[in-house]
Amino acid sequence: MAAAALRDPAQGCVTFEDVTIYFSQEEWVLLDEAQRLLYCDVMLENFALIASLGLISFRSHIVSQLEMGKEPWVPDSVDMTSAMARGAYGRPGSDFCHGTEGKDLPSEHNVSVEGVAQDRSPEATLCPQKTCPCDICGLRLKDILHLAEHQTTHPRQKPFVCEAYVKGSEFSANLPRKQVQQNVHNPIRTEEGQASPVKTCRDHTSDQLSTCREGGKDFVATAGFLQCEVTPSDGEPHEATEGVVDFHIALRHNKCCESGDAFNNKSTLVQHQRIHSRERPYECSKCGIFFTYAADLTQHQKVHNRGKPYECCECGKFFSQHSSLVKHRRVHTGESPHVCGDCGKFFSRSSNLIQHKRVHTGEKPYECSDCGKFFSQRSNLIHHKRVHTGRSAHECSECGKSFNCNSSLIKHWRVHTGERPYKCNECGKFFSHIASLIQHQIVHTGERPHGCGECGKAFSRSSDLMKHQRVHTGERPYECNECGKLFSQSSSLNSHRRLHTGERPYQCSECGKFFNQSSSLNNHRRLHTGERPYECSECGKTFRQRSNLRQHLKVHKPDRPYECSECGKAFNQRPTLIRHQKIHIRERSMENVLLPCSQHTPEISSENRPYQGAVNYKLKLVHPSTHPGEVP
């Protein structure tokens, strides 16, 4: 009766198929890495537990796939209910498992493990509470599964020994194995009185072992690796069936080089190796604690999510209020219901709109209590306060400069690496910061939201407006320590300081000439390349510098703003007026130098000389060689 209960699942005995979960290929793709690893661990643990009870008569397709490191999904075309009912799926020789025609094999319901199902009742399948002692250290464990896992902590011991069947051969993951496969098409039959190579160790020991259907030897199945070793009676390996998974080779390939433990799939080996390397790749974003396994991180994050019943279906983030979840969903949908009335920009949250409006109003409500500096955002004030407290945990390894936050260090690091990850889709120009790209894109849109209240001139950047306003106020906050000269911009002061130091950091790669400003180097390079990027829209003439183009444009304009105060003549360029005024200066100087003759007066004559279209006047003294009545 007890043997029948073990053989017949209908009478309450659990089979591996009863606790197996199947996924299609589409469903398997939807699982993340942590969920896949958890599924593999659970399936292998279930198989090991049922195998330890002697209820496994063949290796499941799912377990075979996991042992080979393959994805354990099943085709959508397979009807798992009918396949499991007739015992077809996963059976050795079945179409689904090996792709060959099924042979006449004993079914799962009428095959019993020799030496297991005959002398054991369901009550005897599990050990009583902590009544399974370890024969190495004497520790008592509650069942055979925990005992098998515990015995792996004795890597140099050899606990699995079959003294009657294989003398001196010990079942250990640290020993080399003799892999033998039984030909499932020709089951081995023994005559009466002869030793069977597939006979189990149940005849020789009372340990709860299971039969290896490939090598014919008993093994202990644990929740991570299975161990098996066999030496057949005839000393010769049997022919392996084509397509049968060589479980022993999988164990040999997935062996830990540190402890010698062998695993039936590579993912389990990778997880095991983290014990030796102490690697903890999974970090909690809330508290920064690291974990070895993704499942442990998922379990830990539930501590932070207590009191947050609202979960985002897109990213799995939890929120304590439904309104916060609604606002968060706009990140995935791209919805931006809040619009700025000044520039028309949209925002997903009202708080972001309030912060943006301070750009137009210039409001800075957050004041630093140490230096009195104001900020438009609270986060900027918090970062600024670290300057006074001296908290600069992030230091650049290249130049030693310290930063208050890691993001600032990352931005600074691009100065050394030259990285420019942000590209403008309009002109293809690259930038090192996203803020620089946003400001640059205004050049293409032509937007100038920042207007000067004095002259009405508009600018695309607020910083440019602040610099321009110093023209009206006359403010020059930057002073040179050497000569005391004042400047309205810090860049002008830096360029001026190089006059005192003689520093010329910008070198031309073509001729080796040095310059004290980058703009001067750029203008100089155009001499080598012949580039003339500035073109006159009137006549098409090109220039190397923008200032030369501005001067040229005055030729086409009718206005002549520069007028001579002596003769009233007007000019379109100031240098031309200065050259013209030198004519009047020479005229006055000649009148003072030449002594007037009593009979003749100095006469001023002019002659045209085509020097760039200008008229040069030459002072001549027209005087005869002798006066009338004089003797030469």
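Glycine residues also receive a Cβ, built from the backbone N, Cα and C atoms like all the rest.
Of the candidates SER196, SER336, Swiss-Prot marks one as phosphoserine, and that one is SER196. Range 450-472 is the one annotated as zinc finger, of 82-104, 450-472, 588-610 (source: Swiss-Prot).
Looking at 16-38, 39-61, 338-360, the range annotated in Swiss-Prot as zinc finger turns out to be 338-360. Checking Swiss-Prot for zinc finger across the ranges 231-253, 254-276 points to 254-276.
Here the zinc finger (534-556) has long-range neighbours at 523, 526-527, 572-573, meaning same-chain residues at least 6 beyond its ends whose C-beta is under 8 angstroms from one of its own. Beyond the zinc finger (338-360), the same-chain residues lying 6 or more positions past its ends with a Cβ under 8 Å from any Cβ of the stretch are 327, 330-331, 376-377, 447, 449, 462. Residue counts of the zinc finger (338-360) by helix, strand and coil are 11 helix, 4 strand, 8 coil (DSSP-based). Taken through DSSP, the zinc finger (562-584) splits into 11 helix, 4 strand, 8 coil.
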